[in-house]
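What TrEMBL records for this protein:
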type: BINDING; residues: C:S61, C:N113, C:E158, C:N165, C:Y188, C:Y239, C:V257; note: substrate binding site
There are 4 protein chains.
Amino acid sequence: MKELLERLVEKHQFKTREGKCADYIPLLAEQDPSQLGITVVTRNRGIYKAGRFPERFTMQSISKVIALILAIMDCGERKVFSMVGMEPTGDPFNSIYKMEIFQTQKPLNPMINAGALVVTSLIKGQTVEEKVGRMIHLIEEMTGNINIKVNEDVFRSEYETSHRNRALAHFLKELHLIDRVEETLEAYLRQCAIQITCEDLAKIGLCLAQYGKTFDNRMVVPACVSRLAKTFMVTCGMYNASGEFAIKVGIPAKSGVSGGIMASVPMRMGIGVFGPALDQKGNSIAGTALLEDLSRQLDLSIF
Amino acid sequence: MKELLERLVEKHQFKTREGKCADYIPLLAEQDPSQLGITVVTRNRGIYKAGRFPERFTMQSISKVIALILAIMDCGERKVFSMVGMEPTGDPFNSIYKMEIFQTQKPLNPMINAGALVVTSLIKGQTVEEKVGRMIHLIEEMTGNINIKVNEDVFRSEYETSHRNRALAHFLKELHLIDRVEETLEAYLRQCAIQITCEDLAKIGLCLAQYGKTFDNRMVVPACVSRLAKTFMVTCGMYNASGEFAIKVGIPAKSGVSGGIMASVPMRMGIGVFGPALDQKGNSIAGTALLEDLSRQLDLSIF
Amino acid sequence: MKELLERLVEKHQFKTREGKCADYIPLLAEQDPSQLGITVVTRNRGIYKAGRFPERFTMQSISKVIALILAIMDCGERKVFSMVGMEPTGDPFNSIYKMEIFQTQKPLNPMINAGALVVTSLIKGQTVEEKVGRMIHLIEEMTGNINIKVNEDVFRSEYETSHRNRALAHFLKELHLIDRVEETLEAYLRQCAIQITCEDLAKIGLCLAQYGKTFDNRMVVPACVSRLAKTFMVTCGMYNASGEFAIKVGIPAKSGVSGGIMASVPMRMGIGVFGPALDQKGNSIAGTALLEDLSRQLDLSIF
Amino acid sequence: MKELLERLVEKHQFKTREGKCADYIPLLAEQDPSQLGITVVTRNRGIYKAGRFPERFTMQSISKVIALILAIMDCGERKVFSMVGMEPTGDPFNSIYKMEIFQTQKPLNPMINAGALVVTSLIKGQTVEEKVGRMIHLIEEMTGNINIKVNEDVFRSEYETSHRNRALAHFLKELHLIDRVEETLEAYLRQCAIQITCEDLAKIGLCLAQYGKTFDNRMVVPACVSRLAKTFMVTCGMYNASGEFAIKVGIPAKSGVSGGIMASVPMRMGIGVFGPALDQKGNSIAGTALLEDLSRQLDLSIF
């Protein structure tokens with residue numbers, strides 16, 4: 001497996017040149033776009049790594065999966081889905097228009113920013129610290145890594161420039177879907193700035209793959225919630241390229257604009273990828289190619 | 001004229017029962033919906049009044065005309081229209097979607113909220129007080145009334161509940177069309193809360209009708225700016241009922257959700273109407289009927 | 001006047017180089033884009049011409065004004081406006097989306113293609129020939145020109161390539177707004193292919209300017225219908241540049257993609273312009289500049 | 001299994017009262033809404049039936065899966081997906097607007113009507129008969145049923161009232177995505193009117209579940225095409241309720257407005273359901289409930 005991963009990293013390395021780092025967040029723009037790394041954690045505790053796997057990077061949208069899991073564990077499915085829908089949208093992650101023109105009274109799903117803000121606001125906690133602390137704690141449980149932290153520089157950088165998210169949050173306030181705008185926004189942007197490595201992502205993926213059981217056999221997420229998370233990862237995990245990813249790769253996965261992808265192959269493995277050069281829809285361009293190849297080689301598609 | 005006005009007010013009084021007061025601002029919702037008043041100021045200084053003409057009410061969207069005039073006087077047409085368009089939209093006043101889906105880099109016109117926020121941000125002044133003070137001063141110049149004030153209760157009430165406007169403002173910030181969100185929002189909502197009477201509106205209307213010359217012959221607005229204001233009043237002055245109003249009434253006019261309408265018949269007269277019961281598009285329901293009838297009786301259409 | 005017109009044609013001639021002829025209709029694409037001509041007919045029967053005024057060209061969208069007038073004369077305002085709205089849209093002339101997403105049960109106005117198809121279907125006549133014949137007859141009445149004909153080549157060329165209009169027509173059929181799709185489409189495209197000259201357009205403009213009375217004092221259109229036509233020309237006559245045209249020129253006008261503009265200055269004059277090089281929104285680029293200049297020189301704005 | 005199915009049919013029978021038959025096609029509206037039937041065909045050739053399983057009904061949108069498979073077998077993935085996208089939309093099946101306002105040059109996916117029309121036009125065949133004959137032949141191959149026929153009455157009924165589809169087809173013609181509008185429309189509506197039973201659907205589902213191998217072990221569809229079909233069934237198979245169906249049921253499935261659902265559980269079974277009472281999004285209301293329950297009882301979710 002290790003050799004396969006090394007071969008694939010090498011093979012798809014050139015792809016990094018076709019993308020570019022997210023430029024709307026200064027600190028992300030400064031990343032080296034040529035990086036590409038992967039970690040696979042298998043059901044039988046095997047850990048395989050290749051490329052730039054040791055890098056730390058921020059979760060960004062991958063954190064939406066963690067927040068959704070926690071919100072459901074906190075409030076129950078019924079409550080959460082009374083305030084956010086279940087449908088893929090075909091629209092960009094920061095889109096507002098459907099809520100306006102179709103007068104849907106809730107965001108279409110928890111993986112677009114509008115839905116993610118609602119989900120974060122539902123997580124229990126008196127303060128931003130408590131909410132974010134509980135998300136970090138869940139990540140620590142899933143990964144066994146007790147050193148999960150928020151990257152304060154990235155958080156601050158995003159907080160100051162997050163005008164579109166702020167617009168979304170005020171729009172949601174008008175719809176009575178969130179209450180405290182600035183707090184929700186701060187919690188959301190802090191969760192996006194949580195730092196992880198490919199190994200952390202792979203272990204989260206494995207935990208979902210094993211229906212809530214971690215690599216070292218601790219049950220930390222209910223099976224039904226793990227299943228639900230993987231389902232959203234298929235229908236809306238790769239922004240508005242989710243359909244294409246499902247066709248070409250066929251693995252539940254969630255990407256973030258920092259270049260991370262967390263993937264979960266039911267009952268087989270978790271995968272963490274890092275490659276900050278992005279394609280036009282915001283997904284790691286070499287990371288996606290790497291996963292497509294890996295899926296074909298190991299027949300990982302769930303379809 | 002006075003008799004005609006009294007007859008028309010009486011005739012259309014019943015119409016007030018078919019509308020209702022704006023309900024999204026608590027203080028507006030408390031108004032007596034049966035009120036209907038009108039003041040006409042003619043070119044030769046005649047002043048004619050009927051019905052509930054002495055009432056004070058807030059300008060709301062009517063203030064967008066004043067702000068536009070001042071912004072152009074401050075920055076010039078070129079600058080203003082590099083940041084806001086000239087086209088009617090057919091969409092509701094608080095709409096965002098076109099800026100998102102058509103990626104227009106500016107609001108479609110200065111009479112929808114998005115455009116009005118940009119316009120207000122262009123008005124000169126170091127502070128909110130200075131900006132609003134200058135708008136009040138312009139109104140005082142146009143009306144000769146030196147007692148123009150902001151209704152602080154209405155301002156405060158709107159400021160606390162103005163989530164959609166705040167969403168718009170942050171969206172505009174992302175487009176680099178406004179800089180200081182809260183200041184712009186405060187200035188905008190203060191201008192909306194400026195109190196006037198039917199007579200004030202009629203005098204503003206006459207000033208525009210006379211290409212910037214007041215009822216008492218002081219030149220306070222450049223002729224070309226007056227013309228421009230009247231043109232926007234025709235194409236976008238009555239929200240997304242402007243087209244129908246142009247067909248049925250044919251007079252440049254601007255309405256506000258407090259129930260006011262300011263109308264301007266070129267070289268003939270200015271008209272101020274107050275009738276807080278609104279139709280579904282946010283225009284005074286009896287006021288519109290009254291103006292339609294008056295236009296027909298006196299052949300006021302510009303077409 | 002003649003000298004003024006000649007001077008202005010010469011002055012704005014270079015502008016033709018900045019636009020290009022409509023390319024979606026083969027026969028229009030073959031026109032010489034450098035052409036520019038104007039005819040003005042004044043209230044006192046003065047006729048002034050300059051440039052390429054003798055050219056014949058097809059009415060295209062200018063015919064929408066004729067069709068609207070005839071449909072109202074045939075069916076009455078109430079019937080017509082129960083099936084088509086009065087509001088400007090800010091959208092392109094061939095747009096469908098608002099009818100779908102806002103589930104408006106009628107096109108927004110009679111000057112966009114969707115609305116024009118409905119209007120044409122309302123014109124009385126058992127056959128296409130009869131409908132189109134009656135439109136031609138009305139044009140002959142307004143212009144005194146008894147040689148008005150359809151350009152069969154242009155008609156045929158458009159009929160074969162008019163997929164978007166056909167899509168619109170079937171959409172309208174589903175909304176029960178038109179009945180016979182192919183007949184309506186044929187009548188509509190025949191009316192678009194009616195050939196006229198600048199002088200014809202100027203005389204139509206004058207007829208509307210004089211509230212239905214022709215240059216030679218025959219009353220051929222009811223005054224109220226003339227007024228209504230001019231109002232739509234202001235709010236939606238120049239496609240989605242109508243707002244800007246109202247600001248800069250301030251004259252009721254209707255353009256067509258063949259490069260014609262018909263303008264109507266109330267109680268003063270009618271103007272016909274021909275300049276097939278178009279700007280991005282489909283209006284004659286030099287023709288618009290010419291009218292803007294003329295309006296300023298002669299103070300023609302209605303505002 | 002048979003007892004389980006009978007119990008579930010009985011249990012969810014009452015649900016049929018909460019929906020209603022499709023009303024836009026006269027012949028579908030006449031169906032008895034209380035019907036509910038199911039057939040399951042398992043990998044080891046077991047066939048289990050309950051309720052109104054013997055009914056014949058038309059495939060409607062379920063035929064889109066067959067057409068997609070055939071088009072890919074005819075033209076290859078690359079060609080097909082150069083003309084139709086892979087993304088779920090969140091919009092109704094007959095939506096046009098996204099192609100207009102986002103100027104996407106192709107329909108978002110092959111399961112909405114716009115995409116399905118393009119797919120059908122790609123199927124090889126000189127005539128409508130040949131195209132439809134080849135689709136019928138493929139169904140016969142997959143099901144082993146050599147009596148597959150088009151219901152001519154349903155076809156004719158749809159063909160005459162299919163204004164929205166005709167609008168879509170002309171729109172696609174303008175985008176150069178289809179060539180012969182009427183032929184494509186006829187082929188598409190004929191494929192929709194192909195009659196099948198629950199057993200046929202179950203066998204199609206099993207064929208896809210077994211990566212192209214039929215219940216009696218004939219290989220009739222390439223494995224990669226079967227996988228692709230199942231993927232689209234997950235992301236867009238249940239109209240704009242696909243996301244919710246994935247969460248609640250978790251099985252690749254495609255529904256039609258006649259009340260049929262074809263479902264495919266990888267390597268385990270195919271399922272055919274018939275229940276013509278529909279929910280608001282056009283899916284069999286009792287059929288969906290039945291599948292949700294069955295999925296839970298037998299743990300069929302792929303996630």
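Including glycine, each Cβ sits where the backbone N, Cα and C put it.
Keep in mind that TrEMBL annotations are predicted by a computer and have not been checked by a curator.
Note that the structure is a prediction, hence the values are computed from the model and not measured.
In the three-state DSSP reading, C:Y239 (substrate binding site) counts as helix.
Under the DSSP three-state reduction, C:V257 (substrate binding site) is assigned to coil, being neither helix nor strand. Over all protein chains present, the Cβ of C:N113 (substrate binding site) has 22 other Cβ atoms lying within 10 Å. Less than 8 angstroms from the CB of C:N165 (substrate binding site) sit C:N94, C:N113, C:L117, C:L185, C:Y188, C:L189, each of them six or more residues away in the same chain. For C:Y239 (substrate binding site), the count of additional Cβ atoms within 10 Å of its Cβ stands at 24 [all protein chains shown]. The Cβ of C:E158 (substrate binding site) lies under 8 Å from the Cβ of C:I25, C:L189, C:C192, C:A193, each of these being in the same chain and 6 or more residues away along the sequence. Across the annotated binding residues for substrate (C:S61, C:N113, C:E158, C:N165, C:Y188, C:Y239, C:V257), the two most widely spaced Cα atoms sit 19 Å apart. Cβ contacts within 10 Å of C:Y188 (substrate binding site), excluding its own Cβ and spanning all protein chains shown: 31. Counting only residues at least six positions away in the same chain, the Cβ atoms of C:F93, C:M111, C:A116, C:C192, C:Y239, C:K254, C:S255, C:G256, C:V257 sit under 8 Å from the Cβ of C:S61 (substrate binding site). Residue environment of C:V257 (substrate binding site) contains 23 other Cβ atoms, counted within 10 Å of its Cβ in all protein chains.
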